[in-house]
């Protein structure tokens, strides 16, 4: 009987730290002994950079444009600790759908049965989550990923993107689509930021997988073209990423989230905005102040 490969998708608004988080999860899983492939699904094609010393790799779409026949191994490159790296890529500027690269790339690797050949334990799709359009929704819509996680901060636009993803998951949940594993709360340093994310998670009926603080160790590692797991494996930040990776290993049951309507989300955000104004003015709201 063939080994079951655990396939997960990690979504997040551009600039939220999605690729940083994904690469550190991949690195942590690899260090723990799992065979991992990281599949970059962003037209910027930089998902796997910190797994390969800061180097870009040829994308699937670029390779298909250059060659008539493409073998899957033409687009798979080895990174830190044997992690397999793939970048879907995007169309030429101004032409076509950016999400098309995901559809084409997944089809290429599946047709050639690469996941089974490499005896993978995990395939992690790093997906742009600003817009869950046709191409970018593939891991959710087609049920390619078994579990979906989203990276967000306490910033409104990051939560807005997460809520949009929840709408997509909810829409496809009755058609065999992937379900939500939980939220990865990133750049959580202030007590009020944790309170905001916790409140959002409670209202959308999901869970926080891990709180990841902003850390200079991440910046230092990325300037070297490395993950924190590789550059500073004994740091507190590396331990947080390892904890997150273990929680993903242990995770078995994903659920359908309950997204907020746009008007509800706007009203909720406005109420939090008022609490933060009170906090800044010295009128300490227990929720906004983290019960300090």
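A Cβ is built for glycine as well, from the same backbone N, Cα and C atoms used for every other residue.
Because the structure is a prediction, the values reported are computed rather than measured.
Annotated features, as they stand in Swiss-Prot:
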BINDING   12, 13, 14, 15, 16, 17, 18, 19  ATP binding site
BINDING   97, 133  [4Fe-4S] cluster binding site
MOD_RES   100  ADP-ribosylarginine
By Cβ count within 10 Å, point out the most packed of the binding-site residues listed: 14, 15.
14
DSSP state at residue 18 (ATP binding site), helix/strand/coil:
helix
Counting other Cβ atoms within 10 Å of each residue's Cβ, which of the recorded positions 16, 19, 100 comes out lowest?
100
Other than 12, 13, 14, 15, 16, 17, 18, 19, which residues of the same chain sit close to ATP? List them in sequence order, counting a residue when its Cβ is within 8 Å of the Cβ centroid of the site.
129, 151, 158
Secondary structure at residue 13 (ATP binding site) (DSSP, helix/strand/coil)?
coil
